[in-house]
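Peer 1: Here's a structure for you.
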Amino acid sequence: MPEPAKSAPAPKKGSKKAVTKAQKKDGKKRKRSRKESYSVYVYKVLKQVHPDTGISSKAMGIMNSFVNDIFERIAGEASRLAHYNKRSTITSREIQTAVRLLLPGELAKHAVSEGTKAVTKYTSAK
């Protein structure tokens, strides 16, 4: 069975630059698509909690998947709550209720207090 022809090596995952240019065969440069992630924010929180600790790219990938998963769960639950109450807008109240439903005990309490603090900070900055 003949082996398929190998193309150029795949670009390295998780590179530092958001937009780089890949070389095409005919000499024209093409912009690589942006990969959105929470890595910058995960890193900032890590440095607040443990300033002398680093994180591997594999661990960062896991954290990114975790944040995406939790975001989707909360958004889905908040959407359901808005639908049940015949509302077309997801407010902080739906998010708060979704967090209370999804997260266990003490974790939910901490998440709600941090969320309330963030909303207060945002509204006071306006």
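Every residue gets a Cβ built from N, Cα and C, even glycine.
Annotated compositional bias 'Low complexity' per Swiss-Prot: 1-12, in sequence order. Swiss-Prot lists 1-36 with the feature region 'Disordered'. According to Swiss-Prot, the feature N-acetylproline maps to Pro2, an assignment based on similarity to another entry. For Lys6, Lys121 (among others), the entry in Swiss-Prot reads N6-lactoyllysine, with the evidence type experimental evidence. Annotation source Swiss-Prot lists SUMO2 cross-link at Lys6, Lys21, citing similarity to another entry. For Lys12, Lys17 (among others), the entry in Swiss-Prot reads N6-acetyllysine. Annotated N6-(beta-hydroxybutyryl)lysine per Swiss-Prot: Lys17 (among others), in sequence order. Summarising the annotation, Swiss-Prot assigns N6-butyryllysine to Lys21 (among others). What Swiss-Prot records for Lys35 (among others) is N6-(2-hydroxyisobutyryl)lysine. The ubiquitin cross-link annotation in Swiss-Prot covers Lys35, Lys121 and is backed by experimental evidence. Residues or ranges marked as N6-methyllysine by Swiss-Prot on the basis of experimental evidence: Lys47 (among others). What Swiss-Prot lists as omega-N-methylarginine is Arg87 (among others). The annotation N6-glutaryllysine is assigned in Swiss-Prot to Lys109 (among others). Positions annotated as O-linked glycosylation site by Swiss-Prot, on the basis of similarity to another entry: Ser113. Per Swiss-Prot, N6-succinyllysine is recorded for Lys121 (among others), and the stated evidence type is experimental evidence.
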Peer 1: When DSSP is mapped onto helix/strand/coil, what comes out for Lys109 (N6-glutaryllysine)?
Peer 2: helix
Peer 1: Neighbour count, 10 Å Cβ-Cβ cut-off, for Ser113 (O-linked glycosylation site): what number do you get?
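Peer 2: Its Cβ has 10 other Cβ atoms within 10 Å.
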Peer 1: Specify the nearest of the recorded positions Lys35, Lys47, Arg87, Ser113 to Lys121 (N6-lactoyllysine), where nearness means the distance between Cα atoms.
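Peer 2: Answer for the nearest of the recorded positions: Ser113.
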Peer 1: What's the CA to CA span in angstrom from Lys109 (N6-glutaryllysine) over to Arg87 (omega-N-methylarginine)?
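Peer 2: Cα of Lys109 (N6-glutaryllysine) to Cα of Arg87 (omega-N-methylarginine) measures 25 Å after rounding.
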Peer 1: Rounded to an integer, what is the Cα-Cα distance in Å between Ser113 (O-linked glycosylation site) and Lys47 (N6-methyllysine)?
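Peer 2: Their Cα atoms are separated by 21 Å.
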Peer 1: Indicate the candidate from Lys47, Arg87, Lys121 with the smallest number of other Cβ atoms within 10 Å of its Cβ, considering only these modified residues.
Peer 2: Lys121
Peer 1: What kind of secondary structure is Lys35 (N6-(2-hydroxyisobutyryl)lysine) part of, going by DSSP in three states?
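Peer 2: Looking at the DSSP assignment, Lys35 (N6-(2-hydroxyisobutyryl)lysine) belongs to neither helix nor strand, so coil.
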Peer 1: What's the CA-CA gap between Arg87 (omega-N-methylarginine) and Lys35 (N6-(2-hydroxyisobutyryl)lysine) in angstrom, rounded?
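Peer 2: Distance (Cα to Cα, whole Å): 33 Å.
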